[in-house]
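**Q** When I checked TrEMBL for this same protein, it listed these features:
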BINDING   Cys125, Cys128, Cys142, His145  Zn(2+) binding site
DOMAIN    552-656  domain 'TRNA-binding'
REGION    510-541  region 'Disordered'
MOTIF     10-20  motif ''HIGH' region'
MOTIF     294-298  motif ''KMSKS' region'
Amino acid sequence: MTTYITTPIYYVNAMPHIGHAYTTIIADTYSRFRRLCGDEVRFQTGTDEHGEKIVQAAEGEGVTPREYVDRISDSFRQTWPSLDIAPDYFIRTTDADHIKVVQDILQKVYDQGDIYFSEYSGHYCKGCERFLTEKELVDGKCPDHQTVPEEVSEQNYFFRMSKYQDWLIDHIKSNPEYITPERYRNEVLSFLSEPLEDLCISRPCSRLTWGIPLPFDENFVTYVWFDALINYLTGIGYPEGPDFEKYWSVAEHVIAKDILKPHAIYWPTMLQSMGVAPYKRLHVHGYWNVDETKMSKSIGNVVRPGELVEKYGVDTVRYFLLREMSFGRDSSFSTEALESRRNSDLANDVGNLFSRALTMLAKYADSIVPEIDKATVTDEDRVLVDALENMVADYTTAMNAFEFHKALQSIWEVIGMLNRFIVTNAPWELAKNPDQAGRLNTVLYFLADSLRLLALVLRPVMPTAADKMAAALGQEEELAKATLEEEGCWGRMPAGTMLHQGDALFPRLEKKKKQQTQAQGKEQGKKGKAKKKEAAPDTTEGDMEGLITFEQFGKVELRVAEIVTAEKIKKANKLLKLTVKAPEERTLVAGIAKHYSPEELIGRKVIIVANLKPAKLMGITSQGMVLAAKEVDADGNERLVLSTVAGDIAVGSRVS
Ligand code: MSP
């Protein structure tokens, strides 16, 4: 099969920000995913360089439009590789071949009578570079730019868009997948329920010269949208390039909701007029806000992808953007949300899984993938195989539907299962018993093959991390050329493969606020003391000594917590430092080192006292206490067993 995927071509009046990055990461991820499905893929992005906005921006910087567009276009081109975005073609509307294609199309549409000359007056929004209808104005202003449009009255050329209105309604209605998600399809159909006006497609040279001259009237240049949309054809060699038909028949455009109208209305009617089939699909996503506020230069909250990559790495940025936004809905960016996903989803869940599994494979199998011992395969193992194969199927469906967050959710469900698989199968216990050697090999094989599958499905989303995973699994070449069909099933990891334990995939981010939190802790501690003095103790009555009231017990906040990291503390042979989710993350210091090894604790659900005042032990602030039962035998030997819950229950659940 063949895939042709495009992003909008971005205006060069601003530097790339996370909004541009998101759309382009989506298109890149989809193109990598379709390659994984065995497709021949063409992925195109580029820059939109004509129009009034660009002239104004160049004037603002005191340079010519040409100098200006070269510089900013280049910064878009340079930004993409740092985000692991690899387009096959980068188009600029100032490219000579594009200018020729636009002029040829204009001439063709003009010759067949779909362009006419007329007088027009209307509300022109410079930000949108188009005339807005009365209905689109909110309190007399453009709702997107919050500016009052200019009243423009001039003679211009018009495209007979209205002629194609009925055809367009019919096309959208009979192709439910033409515009998705559905809310945007409905928005377009609702707009089309009113009579469609013709489209003004020229600007007089007296007002603007930075554009493509109309081939049939040198006193006018082409309206920027009529020029820009045609990039999707130029880039694949319209009209006679060898690949044009092949790619155009499968064209999919990705845009945000801001440019729905030009893509869903102008573009299909233009194509219909020029005798080119409609594109196949339009995928429309929502807007990124920042800390719940619209991103804008004047507010000063514009988030630059380069800065994020520098700080968090490319995989974290790509993962976060794809996981956090439900495609089609708006989403709010915050560094807290990004850091929390980095620490919980990446460092704890997938990062830990890889490092624990590879450590065990190193320790108990000399880093060589063992043969499965068929006689030892259990029903639970088969459940895991089903879950892994279902994950690949769900992931494929979600990726094809542009539901990237759902695709990632299905991967993370399996990651959770695998972390639990380690705890329930306890390879460290199996390793103690030579009779269990076969079972140990089976468990280790399951882990190695599961990691291989994860590295495969994560490739489109996090190419750099997936390469590291593949290298650790000795599967670099195999996974680089793998397809989902051939490799996306259970049991393809060859026994005997040599593994290499590399560096941690996603080292945990140290919390910057640590000192502040400790200071706050002290502060709260002081307040707590003050409060204690204030509140007269609910003293026990004589015969009730040693008992507490319901109210007193109710003050103790017990919660179910999952251990996500565990490590020994230097010079403290009884203590372990734990990170738990309850559901927020916290650090605990627990005196259980003599009874539990760090590796067997990860993934366990325990009960903690969640509202204990923070206390410092060996320089580490412990924010709570893990409960355990202690038994002391006649010789004074202690045995300690962690308190836990009898069934599966969400972390953070209150124990009362
Ligand atoms: N040049 C036109 C597009 C012509 S396509 C034939 C244009 N350029 S733009 O620079 O304004 O880019 C708009 C696109 O950038 C949006 O459709 C979206 O892909 C991306 N985004 C810009 N800001 C965004 C957010 N705040 N959030 C999400 N995406 C955003 O319009």
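Along the chain as shown, residues are numbered 1 onward.
Including glycine, each Cβ sits where the backbone N, Cα and C put it.
Just so you know, TrEMBL annotations are computer predictions that nobody has curated.
Looking at the shown structure, can you explain where the listed features end up?
**A** Over all protein chains present, the Cβ of Cys142 (Zn(2+) binding site) has 20 other Cβ atoms lying within 10 Å.
If you take every residue in the motif ''HIGH' region' (10-20) and average the pLDDT, you get 95.
For the motif ''KMSKS' region' (294-298), same-chain residues at least 6 beyond its ends with a Cβ under 8 Å from one of its own Cβ atoms are 14, 17-19, 287-288, 333.
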**Q** Per DSSP, Cys125 (Zn(2+) binding site) is which: helix, strand or coil?
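**A** Looking at the DSSP assignment, Cys125 (Zn(2+) binding site) belongs to a strand.
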**Q** Within 8 Å of the centroid of the Cβ atoms of Cys125, Cys128, Cys142, His145, which other residues of that chain place their own Cβ, given that this set defines the recorded Zn(2+) site?
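**A** What remains near the Cβ centre is Lys126, Gly127, Arg130, Leu132, Pro143, Asp144, Thr147, Pro149.
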**Q** Within 10 Å of each Cβ, count the other Cβ atoms, then let me know which of the binding-site residues Cys125, Cys128, His145 comes out lowest.
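**A** Counting other Cβ atoms within 10 Å of each of the binding-site residues Cys125, Cys128, His145 gives the minimum at His145.
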**Q** By DSSP assignment, list the helix, strand and coil residue numbers for the motif ''KMSKS' region' (294-298), in that order.
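**A** Its residues fall into 0 helix, 1 strand, 4 coil.
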**Q** Tally of helix, strand and coil residues over the motif ''HIGH' region' (10-20) according to DSSP?
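**A** Helix, strand, coil within the motif ''HIGH' region' (10-20): 3 helix, 2 strand, 6 coil.
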